[in-house]
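Read the structure below first, then the notes.
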Amino acid sequence: MIRIGLFGAGGRMGKAIIGAAHGIADIVDESPDAFIDFSAPAALKSNLDAAVAAGKPIVIGTTGLTLDHHAALDEAARAVPVLQAANMSLGVNILAHIVRETAARLGPDWDIEILEMHHRHKADAPSGTGLLLGRAAAAGRGVDLDAVSDKARDGITGPREEGHIGFAVMRGGSVAGDHQVVFAGEGERIELGHRAESRAIFAQGALKAAQWIVGKPAGRYTMDDVLGLS
Ligand SMILES: NC(=O)C1=CN([C@@H]2O[C@H](COP(=O)(O)OP(=O)(O)OC[C@H]3O[C@@H](n4cnc5c(N)ncnc54)[C@H](OP(=O)(O)O)[C@@H]3O)[C@@H](O)[C@H]2O)C=CC1
Ligand SMILES: O=C(O)C1=N[C@H](C(=O)O)C[C@H](O)C1
């Protein structure tokens with residue numbers, strides 16, 4: 001059993017982690033072996049400071065992070081092990097590899113669109129997973145996602161720009177997390193997707209990551225490292 005300090009314990013993911021921890025981890029207030037953070041971007045820096053002050057690893061699932069947040073992750077990773085992943089599920093992390101491979105094999109005349117739907121409470125858009133899948137597609141094409149992403153279409157947009165990667169965001173009800181990557185060619189489409197049936201898969205992935213990261217050297221890690229997908 002490992003001892004986990006949990007940031008965001010009162011939230012939806014915090015409760016899912018407490019529910020999944022039985023027999024794997026004790027959720028504690030003092031002397032944790034590792035921290036898990038599913039809270040909000042505004043809390044990231046103080047949560048990293050707590051991990052660095054304790055000299056313990058931290059697993060971060062919070063999404064909506066900016067370049068400044070990533071700089072803070074890099075800084076903390078000089079002192080302690082830091083794993084940040086927009087999606088802790090096995091399925092999504094495998095899907096990202098399939099998307100990268102598919103994008104690499106198809107020419108730029110195949111349009112790439114990413115669709116995601118989440119529950120009505122979600123604070124950030126596009127989802128961290130949508131962006132992760134967009135980065136995988138962009139990497140497959142050898143381009144930078146920021147240079148080719150279309151995140152908002154409204155009004156007279158004109159025709160689609162070749163090589164761009166589009167995002168469509170839906171919010172409603174209690175959807176735990178649906179993602180689809182559409183490769184649209186002339187006369188045919190490839191649709192690759194993942195549906196989370198509950199938050200349990202994210203919670204189990206976060207706990208697995210916390211078990212894995214204890215004892216690792218300082219540095220930045222991903223779920224690929226945990227799942228052996230690198
Ligand atoms: N990587 C992954 O696999 C997954 C990532 N996520 C991400 O995890 C994050 C949390 O999601 P979810 O549990 O649904 O969100 P909730 O809003 O249900 O919970 C957020 C928690 O963080 C706390 N919190 C919010 N803002 C602050 C702050 N500024 N300082 C300290 N604590 C704060 C809240 O406390 P209070 O209620 O008191 O404000 C609450 O306990 C989101 O970014 C989400 O996208 C979600 C699912 C899977
Ligand atoms: O906020 C959520 O609920 C989720 N957030 C993550 C994201 O932004 O991709 C992961 C999952 O899709 C659920």
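Here the Cβ of each residue, glycine as well, is placed from N, Cα and C on the backbone.
As written in TrEMBL, here are the features:
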ACT_SITE  H118  active site, proton donor/acceptor
ACT_SITE  K122  active site, proton donor
BINDING   G8, A9, G10, G11, R12, M13, D29, G61, T62, T63, A85, A86, N87, M88  NAD(+) binding site
BINDING   H119, G128, T129  (S)-2,3,4,5-tetrahydrodipicolinate binding site
DOMAIN    26-88  domain 'Dihydrodipicolinate reductase N-terminal'
DOMAIN    91-227  domain 'Dihydrodipicolinate reductase C-terminal'
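Residue pair G8 (NAD(+) binding site) / K122 (active site, proton donor) shows a Cα separation of 15 Å. When the alpha carbons of the residue listed as 'active site, proton donor' and T62 (NAD(+) binding site) are compared, the span between them is 12 angstrom. Across the structure, H118 (active site, proton donor/acceptor) and N87 (NAD(+) binding site) place their CA atoms 13 angstrom apart. According to its DSSP assignment, G128 ((S)-2,3,4,5-tetrahydrodipicolinate binding site) is helical. Filtering T62, N87, K122 by Cβ distance to ligand 2 (under 6 A) retains the following recorded positions: N87, K122.
When the binding-site residues R12, T62, A85, N87 are screened for a Cα within 10 A of the Cα of G128 ((S)-2,3,4,5-tetrahydrodipicolinate binding site), the ones that qualify are T62, A85, N87. Here the Cβ of G10 (NAD(+) binding site) has 9 other Cβ atoms within 10 Å, regardless of which shown protein chain they belong to. Straight-line distance linking the Cα atoms of T62 (NAD(+) binding site) and T129 ((S)-2,3,4,5-tetrahydrodipicolinate binding site), rounded to a whole number, equals 11 Å. Cα of A85 (NAD(+) binding site) to Cα of T129 ((S)-2,3,4,5-tetrahydrodipicolinate binding site): a span of 9 Å. For ligand 1, the neighbouring recorded positions among G8, D29, H118 are G8, by Cβ distance under 6 Å.
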